[in-house]
Each structure stands twice: as structure tokens, then as C-alpha cells.
Amino acid sequence: MHLSEITHPNQLHGLTVRQLEEIARQIREKHLQTIAASGGHLGPGLGVVELTLALYQTLDLDRDKVVWDVGHQAYPHKLITGRYNEFHTLRQKDGVAGYLKRSENVFDHFGAGHASTSISAALGMALARDAKGEEFKCVAVIGDGALTGGMALEAINHAGHLPDTNLMVVLNDNEMSISPNVGAISRYLNKVRLSDPVQFLTDNLEEQVKHLPFLGDSLTPEMERLKDSMKRLAVSKVGAVIEELGFKYFGPVDGHNLEELIRTFKQAHKAKGPTLVHVATVKGKGYAIAEKDQVGYHAQKPFDLATGKAFPSKKPTPPSYSKVFAHALTTLAENNPKIVGITAAMATGTGLDKLQQRLPKQYIDVGIAEQHAVTLAAGLACEGMRPVVAIYSTFLQRAYDQIIHDVCIQKLPVFFCLDRAGIVGADGPTHQGMYDIAYLRLIPNIVLMAPKDEAELQRMLVTGIEYTDGAIAMRYPRGSGIGAPLMEDGWEPLPIGKGEILRNGDDILLIGYGAMVHSTLQVAEILSEHGISATVINARFVKPLDSELIAPLAKQIGKVATFEEGCLMGGFGSAVCEALQDHDVLVPVKRFGIGDVLVDHATPAESKAAHGLTPAQMAESIRAAFFQKDAAKTTTTV
């Protein structure tokens, strides 16, 4: 059977181990070819190929439900659930999503993008099943670092107190999340993974028993059971901790041995109550380059399969915002031992790995534990340290109560640096950084700022480090800067709450925030081609907003447009409208941003075009709204 013929996972039933191994080979081949061509998550999926095939062969997927954590480890799942022929569209507009979506496929039982959600969701399904008197299996596959998240541990705590609720948790233990796992839980799991002596004993047990006089051949049929028993005996002390939590423990099992996996899953399915199957896997399995560099090949841009190297850009690009941030923070930290960089398992993505390498004592990785990261930072601030929480905008949502309760109510000087703010592209709605302006703006005792370019980011970083009158947050986008000239050091802080005028005009006031300032200037240039002169403001701060600058100009000019890369509801444009009303300036305002919709996976350029955020689209919209007679004469295209 060829992988392309599998449209339903139940087609795996009855296949021999050798046939499954061939399917596994084809999955890895398709997986590698696709990611090499279009980019995406590489290592996680390669590590769970055998796990997926073995698990699905022991389930009836017409009834049973499997909930995958995070989602980027579920590419093999996608390939055996009817998406083989469309898999080449992975992470592309209108193509297969990079994560799990209930709307995409009947076998995607729960959407996943953020970590540590699977056990809670699967337990909820199991409880609903029992309440309705139905019978089917509920399985949560968690791993790639997600077990370090507090939510997963809360779910384990709950499930362990439900001895009559059948729930299977499959732990994909590859010793990694995106970066190497940290913390006591990771150390514990490493102890549970088979040690070399135990592995040697079980691997050689069968050969030794064959040489026993009279008994060798007769014991051979029981050998696998005996080997399993010896493994369980070897890990009984550490595995007992899981059983103390109320789970029946199976493992650890070799995550790339199909026979062992199938046998273990069958045994675990017979158990009553919550069970945990501990599967030891290798991230990037089957692609030697990814196995050697598991951090670097967690996700990849399009690359050459033969060398593993990313294809070079067609033209030189400016450094990314993340890279500029990392360099500036490390430079500042070298001269200020109170600066501490904090990441929640995203050292490489945020650039904090540079700080880790240079100043390891001023670096903390808490694992996938955003709530803990924020309150840890609050504690550091209490003792006079300067904590810098570098985190993706979408992940800070997970620590909202801690921002309010532990930081802002106590007016503690914690500096939040929000990477991937705005449209992020192919990762889709679970990772778009749309909401931070709105959800942070309403909290007292926090300052919000966003740089117009990478050079201004350097100055804002100094501003945030020096600000001590409460919390402060800086948002910045994914990807390259605009090519603004950078200084190596000597950056000057910005005055809090003050914007700047970048261009003067008489017909309309254009106010940009953050990465949209560059587009705002482009809009002004397009409007000028039609005889419309615009004043352009770089707001810099949304809280406090520079009302002293904005209100008089809005009153004088009489027409206003705002530009942001985030949700309109409660966002920057809303802040401007509120400020104008507070100053009794009643003028028409046109807001540009993301409406009350989710932004699906596509390139950033495609997403901006889909939401009317290209400079040409915005200029045309302004002309239609404020200068209708002029707009009717000509049109502008890009």
C-alpha cells in the first residue's frame, strides 16, 4: 500500500509491521520534501511517525478520538487522514494549516497551536462521553516540551482523581520543546528514559535465555512479556511517581520500534482509568542533519535537503527585529548586571539565546510556563532587578491575570518585549499577534510603545530598561526591519508618551503606530500624487497617547486616519478616538487594522491585502471616505 492511498486511518488495521515501516518511510519522505520546498515545522513530526502509526492501528478512528498537543507534531496525522494530495499546500493561503483546525478535517478533534492543552481537552471529551453513556477511547498526545506547561499538570492532577474515567495520555518524550527542555520535570523524565545498562539487559535478554539448558526454547514465546516486566522493574521508582498521581504507567517504550509500540498501546487500552504511555522519541528522526541539530531544525525555511542549508535570499535583507533586539539587550546587559532576560521556552525565536551564550547568569528559561515567567519577573523586580520578559505577543495572552494581579496592581517595573506582534503569516490564527494593544491598554500602571523601525527599537529598549514607574511593554513584528541605520551602542531613551511628526500637510492627519508607520508614509506619498497633502505622526506610544500633539492637529486639519497591525476593537485607533472625544475634538476618523475576524494562514503580504492594509488599498479607501470627488477621477494600484 502507498501512503497516497490512505484516506482513512482505519486503513492501517491489519497491516504488518513491515508494511507499516514502509508507510513510515513514505511519511518521512513526503514530510521532508514538503518542508524543504515551502518551509514549516520539521523536527517534531519526524519524531512521531512510528508513534502515530502504532497508536492509530490500535484505535477505531470512526469512534475513538485523539487530541494532539501543539499541533506541529501532527503532520504524520495529517498525512494519514486524507490530506496527502493537498499536503504540498502546507501553511499556504487556502492550503493545509500548519496546526490543527476542527474545520479542516473530521479527525482534527481539537484545534491546537499553543502548548499544553491536549490533556484538558481530551479529559473534557472523556467526561462528556461518560455523561452521555457512550463508549469510545479518548487519547491525548502531548510532548515536544508541552508537559512543562502548568495547564497540562493541572489536567493530570484532575484526571488522576477520576479512577473511573478512561483516558490515555501518550507522552512524546523527545527531551525537547523548541529549545532543550528545562526544569525538574524534564530532569525527572530523563531519569525515566531507559538507561544504557537497562537497554543492554533487555536487548540481550532473549539471546541469553536461549542458552539455558532445556528451558531456552520453551521460554521464547514469553520473552517479550519478560522484557516488558524487566523494563518496568528498572523504572519502578521513578515511574511510581506517575502512578502516585493516579495514572497507570506504561513505558518507557522505544518510540521508533513499531512492534514494541503496538504491543504497549494494546496493553494500555485494556487498563481502566487514566493511563500514561511514556514514549521515548528522537526529534528529527530519519533526517541525520535534524537529529544532530534539533533546535535549528525544529522549524525551517525552504532548504536544500542534501545539505540542510536554507536557500539564500534573492537579495540582501536587513536584520530581523528579533536579531536587533537580541544584540541591543545583550549589549545593555553587559553593562548592567541587574538586567535579566526571561523566556518561556523560546530562546532561539526571541533571540535570547544570544544573551544565554554571553551572560548565562542573566538569563532564565522557565519552560512553557508563561504565567510563571511573568510572576517570576515580578519577584525579580521587587528586589531591584530589571526583568525583561521576551515573549511572543500571542503567548503573553496566557499570563493575563499575572500581568494584572502580580505586576500592574503592584506597579512593578517589569519590561515586556512582545515579539511577533501583528500579522505573522503562515502559522495562522493561533499565532497572530493581534490582541496585545487591546488587552494591555485597558490595564492601569503600564506603558505601551512600538517602534517604527529597528533603529527606534534600540532606543525603546533603553527606554524600557530605564523606566521604573510601573510596567512597560514594547511590541515589534516578525521578520526583517526596513533597513534603518543602526548604532552599535549609545542609544538615547525616548520621552514617555511623546510622538513625532514625520511629514507636514494640510488635508488629512495620518497617525501610524509601530510597524505600520512605514506604510503610513507610503499612503501619504500616494495621496500626494493626487493632490492631497498629509501630516504624518509616528505615535510611538499608545499609552500614554500623545494627545497634546494629536488633538490640536486633528482639530486644525479636520480629518484623521489611524494605522495599526492589530485588532481594531480596543486597539490604537480606538485609543485615538477616545482621546479626541476627551478633548472635545469631533472630527471623522478612519481606522485601518484588523476587523472582528480571525486572520488565517498566508504570507503577511497576502494577509494584508486580504484585509485592505496595503498602502494602495488604504490610500484609495481614504480618498473614497474623505475626498470622494477626487477618488472618482482616478484610481491607484500597486
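Glycine is treated like the rest: Cβ placed from N, Cα and C.
Per Swiss-Prot, thiamine diphosphate binding site is recorded for H72, G113, H114, A115, G145, A146, N174, Y287, E370, and the stated evidence type is sequence analysis. The number of other CB atoms found within 10 A of the CB of E370 (thiamine diphosphate binding site), across every protein chain shown, is 27.
Taken from Swiss-Prot, the feature Mg(2+) binding site applies to D144, N174, supported by sequence analysis. Using a 10 Å radius centred on the Cβ of N174 (thiamine diphosphate binding site) and all shown protein chains, the other Cβ atoms total 25.
Taking every pair among H72, G113, H114, A115, G145, A146, N174, Y287, E370, the residues recorded as binding thiamine diphosphate, the greatest CA to CA distance is 32 Å.
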